[in-house]
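According to Swiss-Prot:
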- 23, 24, 25, 26, 38, 39, 62, 63, 65, 66, 122, 123, 170, 171: (2R)-3-phosphoglycerate binding site (BINDING)
- 214, 238, 343: ADP binding site (BINDING)
- 215, 216, 220, 239, 313, 344: AMP binding site (BINDING)
- 215, 218, 219, 375: Mg(2+) binding site (BINDING)
- 215, 220, 239, 313, 344, 375, 376: ATP binding site (BINDING)
- 48: N6-acetyllysine (MOD_RES)
- 48: N6-succinyllysine (MOD_RES)
- 86: N6-acetyllysine (MOD_RES)
- 91: N6-acetyllysine (MOD_RES)
- 97: N6-(2-hydroxyisobutyryl)lysine (MOD_RES)
- 131: N6-acetyllysine (MOD_RES)
- 131: N6-malonyllysine (MOD_RES)
- 146: N6-acetyllysine (MOD_RES)
- 196: phosphotyrosine (MOD_RES)
- 199: N6-acetyllysine (MOD_RES)
- 220: N6-(2-hydroxyisobutyryl)lysine (MOD_RES)
- 267: N6-acetyllysine (MOD_RES)
- 191-417: region 'Globular domain-2' (REGION)
- 406-417: region 'Associated with globular domain 1' (REGION)
């Protein structure tokens, strides 16, 4: 999707206005303590810009986790975020115990100039997502009239709307698409994310390499399909490589992952690659295990030898790493989505770590390297490479849908320029 034609915060006049801002404060918590404040820090530039440019107030709304519909458990409260935000901004943050309704509307109607207000978790109301589950696990659907009321109440909390929640941009939730204000702009985090993906997908540097890992082919069909129209080379690694190798080379894969559904379209994908002149690199050797366990016995295998019955491949071997390194060395732009082994376990992390080292090396020689959220972003955190690649996405699902060529509802809803 083209992202260059949307209103962004730097072009929005906020002076004297109440800004209602959707952020992504869905942070990990343990015993009501925040264990990683990255997402809160990521929203600070947009908040500060509004305050520095004379906004009357900044009203922040976010979800946290996925609470049941009904009584609101403390562990899903955004109260601890207000405390963290106060220390990051160096100014008071008013926390409200709800996100809609007469009391919230009153508190946000005419606040003191320069106020920062944080609303309670949006998902305490089923109207945010439109559906949910009650405490017994029964499905609950929101009534259309109540969704309208919920959206109207959110719309009363500001004069202009800013969306800086890239991580939720693929969800058509009320706070993402239902705030009805004349000007709706993307915040700085949203802008940074969209700029990277726009550049990568709309005018890539070439050769352009996609590294695709992860487990199931079926989950990645749309991704592979869309990227085959854009890239010059593709590494297909991780668990899904076994489905390709079994279909294409009739390789014995033991108890490695095999995706029945995905297997049906492997040949179509390969013929599309051939037609588009895309060079595909698959692994040629493996680190194997006698069970799916951190402390499993390990072995080695190649495509030619196959993996014996009762064993499974959990990482690529050193020959595969050499092939991957050659592909990385040829690239001027890389998008990486999905690890190439079970990186969480030391015995099976070498392949992903070796690939990460090559991607870092490529970045230092001027290659544009984009890590698409989720597990691959976790790899960056694990090996401290977040600042050694060009961009690590904050949105797993959102970045995946962009790479699949889908329109993101949260971006689509912003004002055109």
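Cβ atoms are placed via backbone N, Cα and C, with glycine included.
Positions of the features from Swiss-Prot, shown on the structure.
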{"residue": "25", "record": "(2R)-3-phosphoglycerate binding site", "Cβ contacts under 8 Å, 6 or more apart": "39, 40, 43, 60, 62, 64, 78, 81"}
{"residue": "38", "record": "(2R)-3-phosphoglycerate binding site", "Cβ contacts under 8 Å, 6 or more apart": "27, 394"}
{"residue": "65", "record": "(2R)-3-phosphoglycerate binding site", "Cβ contacts under 8 Å, 6 or more apart": "26, 75, 76, 121, 123"}
{"residue": "86", "record": "N6-acetyllysine", "Cβ contacts under 8 Å, 6 or more apart": "92, 93"}
{"residue": "122", "record": "(2R)-3-phosphoglycerate binding site", "Cβ contacts under 8 Å, 6 or more apart": "61, 62, 63, 99, 128, 173, 174, 175"}
{"residue": "131", "record": "N6-acetyllysine", "Cβ contacts under 8 Å, 6 or more apart": "139, 140, 141, 142"}
{"residue": "196", "record": "phosphotyrosine", "Cβ contacts under 8 Å, 6 or more apart": "370, 390, 391, 393"}
{"residue": "216", "record": "AMP binding site", "Cβ contacts under 8 Å, 6 or more apart": "239, 240, 257, 259, 262"}
{"residue": "267", "record": "N6-acetyllysine", "Cβ contacts under 8 Å, 6 or more apart": "247, 248"}
{"residue": "343", "record": "ADP binding site", "Cβ contacts under 8 Å, 6 or more apart": "349, 352, 353, 375, 379, 382"}
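Between the C-alpha atoms of residue 220 (AMP binding site) and residue 214 (ADP binding site), the distance comes to 8 Å. Ranked by CA distance from residue 23 ((2R)-3-phosphoglycerate binding site), the recorded positions 199, 215, 238, 313 have 199 at the top as the closest. Across the region 'Associated with globular domain 1' (406-417), DSSP assigns 4 helix, 1 strand, 7 coil.
If you take the C-beta of residue 215 (AMP binding site) and look for same-chain residues 6 or more apart in sequence within under 8 angstroms, you find 238, 239, 240, 257. Of all the binding-site residues listed (219, 344, 375), 375 sits in the most crowded Cβ setting, with the most other Cβ atoms within 10 Å. In sequence order, 220, 238, 239, 240, 337, 338, 339, 375 are the residues of the chain that are 6 or more apart from residue 214 (ADP binding site) and have a CB within less than 8 Å of its CB.
Ranking the binding-site residues 238, 239, 313 by other CB atoms within 10 A of the CB puts 239 at the bottom. Most buried of the recorded positions 97, 146, 170, judged by other Cβ atoms within 10 Å, is 170. In terms of local Cβ density within 10 Å, 23 ranks first among the binding-site residues 23, 218.
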